[in-house]
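**Student:** Features from Swiss-Prot:
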- S252: active site, schiff-base intermediate with substrate (ACT_SITE)
- S252: pyruvic acid (Ser) (MOD_RES)
Amino acid sequence: MDSIKIALQYMLPKHFLSRLVGKFAAAEAGAITTAVIKWFIKQYKIDMSEAQQPEPEAYKTFNAFFTRALKPELRPICQESNMMAHPVDGAVSQCGPIEAGNIFQAKGHSYTSEALLGGNKTDAARFDGGDFATIYLAPKDYHRLHMPITGTLSKMTYVPGDLFSVNPLTAQNVPGLFARNERVVAIFETEVGPLAMVLVGATIVASIETIWSGTVTPPGGKQVFSWDYPTTGPEAVTLEKGAEMGRFKLGSTVVMLFAQDAIETFADGVEPGETTRMGQPFARLKQQ
C-alpha cells in the first residue's frame, strides 16, 4: 500500500491540484467555507480553544482559518538568552550535524545543503560543519512560523520544484525530497552567524508567505529568483526571537541550517518523532 501511495504522487498533477485548492482556500464561499472548516476541525481533531478566534463562522476563507492566530499566552517564548526557541508547532523529522555538506533526510536518503539552498555554493559554504533541524507541520498544527533567535534578513531565494507530500512516509521514500520540492529560503544574520529558514512547499500547499514580502509568487518556470536585503539602516528587516516570520497556506515543512559552532546542543526532547511547540527551548547557543 505504501508503494502505491508513493507511485501515485509521481503520477498526480501536483501543481494543478495545488493551484485548484489554492483558489478555493482563498475564496469567500460563505456557508461552504464554514462547512469545510468544520469538517477539517473534526477530521484532524483541532483544538480551537487555543485559537484567538475559536468560532469557525468567523473565518471568511479557509486560508484565514488555516493561518489562524493562537492566544499568545499559550505559546510563551523561552527567555533564556543562550537558548533558541522552537519556531513552529510540529514534529521533529530529523536533526543533527551537516556532514561534508550533506543533510540526513531518512534512512538511505540525504541531500546537500547546496541543493537545498537553490544551488548556491557560496550560501551553502556558510553552513559547512554546522547543524540542521527539519520540522514537519501536520494539517492539525498551527501554521505560522516564528524566529528561533533574533536575526536580520540578508537574502531570500525562491526555488521552483516539485510538490510532493512531505509527510514521514514520503520523506522515507522520495530521494532528496526537501531539495526537490518548491521552497523559499530566507537567510538571516544572527549573533551566532547565519541562519537559513527554508520553507518547503508540498502537495496542496497553495502558497508560502513571509512577513516582509507577503505571498511569494515569482513568475512560472524553472528559474531561481533571489533578493538581497540591507542589514543596516531604516530598511533592514530585523525580527526578534519569537516574532512571526512567515506562514504556510496549507501545511508543510521547515528546514533550518545553523553555522558551525552556533549550537552547543539541542534541547531535551528535540529528536526525531518528538512533538514541538513554538516558543519552547530548542537549542542551546555555544559560547562565542
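Heads up, the Cβ atoms here are built off N, Cα and C, so glycines get one too.
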**Student:** Count the Cβ atoms, other than its own, that fall within 10 Å of the Cβ of S252 (active site, schiff-base intermediate with substrate), considering every protein chain shown.
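**Tutor:** Neighbour count, Cβ to Cβ under the 10 Å cut-off: 28.
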**Student:** Let me know the DSSP-derived helix, strand or coil state of the residue listed as 'active site, schiff-base intermediate with substrate', please.
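**Tutor:** Looking at the DSSP assignment, the residue listed as 'active site, schiff-base intermediate with substrate' belongs to neither helix nor strand, so coil.
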